[in-house]
Every structure is written in structure tokens, then in C-alpha cells.
Amino acid sequence: MPVYVDREAPKLWRRIYSEATLEASLLAEKWKLVLAGLAFQYLHGLAAHGVHYLHRPGPTLQDAGFFILPALGQDKAFVSETVFVTIFGSFILWTFHPFVSHSKKICTVLIWCRVFVYLAASQSLRIITFFATQLPGPNYHCREGSKLAKIPPPKNVLEVLLINFPDGVIYGCGDLIFSSHTIFTLVFVRTYQRYGIRRWIKHLAWLMAVIQSLLIIASRKHYTVDIVVAWYTVNLVMFYVDSKLPEMAERSTGPSQTPLLPLSTKDGKNKSKEDDQRLLNETNVAADEH
């Protein structure tokens, strides 16, 4: 076993170096889009913090999901966050898997460029929506009587720009319609659905997305409408973006080129059949010449 590890280690480092070189060249080309995507995440957080100043606590609205799903309670709020962190972390690991895996189906930089576009489009609609109407937050720290439900006007600009981190991120109120956690979850799941290769992971990812949505409601972090609107809005946004943006470029693997991001396994099978047919034709021509 030690001998096997010693032999495989140089191959792994060569693979990591090769992938890092490729990704660095892509990042040098796409750095503006990546930087814009990261900057928009900050702007989205800034907007979510800003609407907290406008939030006015009040009686929790009547909600069908609250009648159907029993409340988990304030002490079990971590359950939904645990599921979300699992989805978030798993997706990040998958986008970086080409550095250590033999699979060369995706490029990390290109995937994240696409993801940032999905997120920015969805979050732009979210910002417009929650600034248009502020609902009384159903979360425990947003209800009447809580000191965190309403925050005083900022004392200076720096307090706003720093988003009162980390409390301003964890204990935000007012940014309800529609759910940010659901945006991230659906963007990640749909991205893997399109570019991933493991069917069982795709099924598991969709199941976790449904469970995550139900847990958010059971934790009273969002109203049911926040989840429902997120489900159809994010899917429609991603469908629209995919129809407008060109498919990502093919990735060269040497003398021959294979698609970087095949749309389906059927595409790969069709290409394989074409290669087999071309090889067969070349063999027949050679036989005729002899």
C-alpha cells in the first residue's frame, strides 16, 4: 500500500498543477465576471441588512405551512441550517473536484461564472420584492417583544457598509419574499442537474432541496409564500438565462476535443457513435485500397 501511494502521489500533484494552470488562465480571462459576482453577493447582503431598518414587527401572518408543519422550536433552528450548509459545502467541493479527479467534464471558473449570473438575476428580483413590501417576520427574533426585531437608525455609514457583521447576517429581518436559502439551494441543485454525471446524486440533491424547504417553514424562518415564490422564480430565471447565454466553450483534452459540459449523456453517446462510425469508414477505405 505505501508503494502504491508513493506512485500515485506524483500523478495527483501533476494533475493538480495541470488543473491549476488551466483554471488560472481561465480566471485571467474571466476575472471581471467573477469579481462582479462576488461584489453582487456583498450588495445583496447590504440590501438585506438595509431592509432590516424598515422592518416593523407585528402579529405573524396566517400561513398554511404553519398549520401543516409543526414548529421545530427556537432551539432546533440549527436543523435547517445544517441541511443548507451540507448542500452548500457539497456543491463547492464538486465544483473543485477536477483538481483531484480523473473526470474533466467541467472547469471550476466557468461553472462559477454561470452560477454568479444565476444568483445575481434571482437576487435582483428578491431585492426589488422585499423592498416593495415588508412583512412582519415569522422568525423568533423578528417577532414583537424581541430586541432584535427592530434596529435603530445607523449611527454612521460604516455601520451600514459593514452590515453589522456577523449579527446583521444571522439575525436579519424583513428580507422575506423570497427565500435566499432557497435561491442558493435551487441554483446549486439545478446546476448539478445539468452538468453533473451521477444520477443518484441528482435525485438525492432534489430530495434535500424539498426537505430544506420544509425545514425552513417548520423553523418559522420564512412564510410558505417565500418558499413557493422562490421555487418557480429561480427555475424560470435559470431557464431564461440558459436560453440567452451561449453554452460554455468546449474543453480541449489533447489532439481530440470532447465537450466541456455535455447537456446530457445522450450527447456523449451520439458522439461516441459518430467516432465509431468514422473509424469503421476509415477501416473500410483502407481495406478497399489493399
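Placed from the backbone N, Cα and C atoms, the Cβ positions cover glycine too.
As given in TrEMBL:
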- 77-97: transmembrane segment (TRANSMEM)
- 109-131: transmembrane segment (TRANSMEM)
- 168-188: transmembrane segment (TRANSMEM)
- 172-240: domain 'Sphingomyelin synthase-like' (DOMAIN)
- 200-217: transmembrane segment (TRANSMEM)
- 223-241: transmembrane segment (TRANSMEM)
- 250-290: region 'Disordered' (REGION)
- 266-279: compositional bias 'Basic and acidic residues' (COMPBIAS)
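The average pLDDT the prediction assigns to the domain 'Sphingomyelin synthase-like' (172-240) is 96.
Broken down with DSSP, the domain 'Sphingomyelin synthase-like' (172-240) shows 53 helix, 0 strand, 16 coil. Long-range contacts of the transmembrane segment (223-241) within the same chain, counting only residues at least 6 positions beyond its ends with a Cβ under 8 Å from a Cβ of the stretch, are 61, 63-66, 117-118, 121-122, 125, 129, 135, 138, 176-179, 182-183, 186-187, 190, 213, 216-217.
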